[in-house]
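A quick write-up on the structure given underneath.
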Amino acid sequence: MEDFVRQCFNPMIVELAEKTMKEYGEDLKIETNKFAAICTHLEVCFMYSDFHFINEQGESIIVELGDPNALLKHRFEIIEGRDRTVAWTVVNSICNTTGAEKPKFLPDLYDYKENRFIEIGVTRREVHIYYLEKANKTKSEKTHIHIFSFTGEEMATKADYTLDEESRARIKTRLFTIRQEMASRGLWDSFRQSERGEETIEERFEITGTMRKLADQSLPPNFSSLENFRAYVDGFEPNGYIEGKLSQMSKEVNARIEPFLKTTPRPLRLPNGPPCSQRSKFLLMDALKLSIEDPSHEGEGIPLYDAIKCMRTFFGWKEPNVVKPHEKGINPNYLLSWKQVLAELQDIENEEKIPKTKNMKKTSQLKWALGENMAPEKVDFDDCKDVGDLKQYDSDEPELRSLASWIQNEFNKACELTDSSWIELDEIGEDVAPIEHIASMRRNYFTSEVSHCRATEYIMKGVYINTALLNASCAAMDDFQLIPMISKCRTKEGRRKTNLYGFIIKGRSHLRNDTDVVNFVSMEFSLTDPRLEPHKWEKYCVLEIGDMLLRSTIGRVSRPMFLYVRTNGTSKIKMKWGMEMRRCLLQSLQQIESMIEAESSVKEKDMTKEFFENKSETWPIGESPKGVEEGSIGKVCRTLLAKSVFNSLYASPQLEGFSAESRKLLLIVQALRDNLEPGTFDLGGLYEAVEECLINDPWVLLNASWFNSFLTHALR
């Protein structure tokens with residue numbers, strides 16, 4: 001930045017800025033952004049004054065350089081850039097000769113035509129915010145304020161801009177040029193973020209008129225005026241005072257502020273009980289795909305055509321049988337449902353022309369699986385209000401479940417790389433501004449780190465399934481439509497690939513409200529034997545449906561192929577959010593960006609390239625019982641993405657509550673680590689609020705276990 005300033009600004013301006021910084025005891029080698037800001041401000045003040053004169057008639061005129069009348073009186077007196085004592089001498093002299101009111105702070109210019117002092121502001125923030133800060137600082141009705149920004153905006157007292165449009169345009173153009181020059185060298189972001197507000201911002205901002213009346217009316221009880229209240233707040237000592245006030249409120253309220261020490265927090269209590277079970281809407285690490293490469297068949301892109309083509313790639317089908325029954329379900333119905341799907345797909349293949357959609361016959365097994373006619377009949381309240389024992393359904397408390405190891409395995413798998421790419425680089429036009437160039441560069445680096453990630457596959461799978469299900473729910477409300485579960489990707493060699501995970505059959509879907517439920521049966525292929533972790537598959541009936549030949553180090557081996565079948569349900573609002581799962585990419589990109597920004601502001605240059613290309617550097621990823629886990633920047637990207645994706649896949653009220661309440665505890669612990677000596681009252685109540693969310697949800701239980709690891713290592 002220092003080199004840039006010396007190249008970009010006139011040596012006289014640079015010299016003045018150096019003197020100013022020396023006067024205030026600031027080191028320009030360290031405060032390089034401050035150095036650039038002072039130079040910019042000086043240049044704007046000089047440009048403001050340039051070419052403006054007053055003729056013998058007292059009129060303001062503009063005279064370009066080289067004009068013979070250059071002996072005219074300058075319209076503006078420049079105060080900025082002078083030695084402090086000289087500057088105050090000039091101000092005093094002006095006040096004595098013109099009768100102007102003496103300002104509290106040194107202004108930048110004096111305008112002999114309008115007879116007023118001018119405060120010039122150059123801001124990297126919003127002009128109106130900076131204007132208010134200046135107004136609050138000067139406190140003088142007489143000092144005129146004129147603010148310029150690097151984006152070409154300006155603001156002045158009473159919209160009186162003093163100069164003609166051309167002179168102001170010259171200043172704006174120069175500021176825009178400085179911004180572009182900085183951006184092209186990767187200096188702009190750091191410079192933009194380094195601006196601090198006016199030092200005297202804490203001084204009182206006078207409130208008058210209506211606002212004053214409103215302020216006086218909205219005071220808490222027992223305060224007669226705003227000044228009274230301000231004095232009370234300024235002299236407020238929290239400890240002891242809060243306790244005293246609370247004890248006056250009620251005999252039941254008793255809050256002592258306890259110091260929060262390293263020994264204060266205890267681990268969260270995770271529930272005991274049977275292990276938690278899988279509750280995602282589709283299989284994750286256990287899913288198996290039937291795939292076709294370079295699809296070019298007739299009707300390619302029509303889901304049903306693609307599904308049939310994928311089904312034809314497998315030849316190991318066999319008579320299906322139940323290997324892991326669903327405890328509460330009628331398992332033969334699940335078996336019959338799969339047989340029905342196979343039979344109806346065979347019927348389609350025998351037809352001359354394959355239809356675009358397939359509605360299943362409403363057999364007894366599908367009616368049972370989809371809960372047809374199972375909903376209790378709705379009766380008008382007026383017809384039954386005389387019934388004596390009218391009551392709401394008894395609903396059982398949810399059964400407590402313990403954390404199982406499978407959910408950590410699922411998360412680890414989601415962070416891994418697959419051998420296919422699941423998203424394309426956006427086709428976006430040429431970058432116009434330097435900031436767009438940096439944004440594109442970051443997006444491209446990030447995309448290359450996550451495009452092959454399994455979490456990205458889950459995003460695309462989720463988007464496809466939810467879109468297809470919502471479309472079918474609206475287009476075929478009464479039908480049991482067969483919906484293939486499909487995704488598309490590219491192989492390492494860049495060849496297109498279409499994958500089939502299984503099928504969904506949707507039930508009746510007259511969805512009037514956002515929360516109205518549509519039932520569906522999912523049937524998904526897998527090579528995972530459910531008998532290895534039966535607790536994970538509590539909600540599923542699992543069939544063995546074939547044998548698959550797999551290549552291995554010892555040649556080809558045959559593995560049984562399973563079908564995971566379950567009844568499930570979703571709503572319009574859940575499907576809407578499922579369709580928008582791509583937002584997870586954006587959320588994790590923004591988290592990475594804030595890491596880059598933090599690094600860039602320390603180094604005072606854009607660190608995007610170094611951030612992604614320095615393969616030797618490791619970053620903290622998360623906490624585990626072993627301590628802080630570290631990994632490459634790519635691993636960080638994929639871990640953040642997987643967390644965001646799991647928040648979407650396992651969204652629930654338990655997760656909402658846990659995230660909100662545990663965050664409070666996290667902030668207290670963080671304050672302790674930062675030596676801020678936090679105090680708490682009713683810490684037990686906070687623990688209760690967190691722990692009431694730990695019931696049976698696998699993702700929430702895993703997050704709670706991570707939280708405990710964090711507590712252990714953070715407070716060592």
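Keep in mind that glycine also has a Cβ here, set from the backbone N, Cα and C atoms.
Among the candidates Asp27, Asp50, Asp108, the one that Swiss-Prot lists alongside His41, Glu119, Ile120 as binding Mn(2+) 1 is Asp108. When the ranges 124-139, 284-299, 396-411 are checked against Swiss-Prot, the one recorded as motif 'Nuclear localization signal 1 (NLS1)' is 124-139.
Secondary structure of the motif 'Nuclear localization signal 1 (NLS1)' (124-139), assigned with DSSP and counted as helix (H, G, I), strand (E, B) and coil, comes to 12 helix, 0 strand, 4 coil. Same-chain residues that are not part of His41, Asp108, Glu119, Ile120 yet have a Cβ within 8 Å of the Cβ center of the Mn(2+) 1 site turn out to be Val44, Cys45, Glu80, Pro107, Leu109, Ile118, Gly121, Val122, His146. Cα spacing between Glu80 (Mn(2+) 2 binding site) and Asp108 (Mn(2+) 1 binding site): 5 Å, rounded to the nearest whole number. According to DSSP, Asp108 (Mn(2+) 1 binding site) is assigned to coil rather than to any helix or strand.
Ile120 (Mn(2+) 1 binding site) carries a strand DSSP state (E or B). His41 (Mn(2+) 1 binding site) falls within a helix when secondary structure is assigned with DSSP.
Around Glu80 (Mn(2+) 2 binding site), a 10 Å sphere centred on its CB holds 22 further CB atoms from the protein chains shown.
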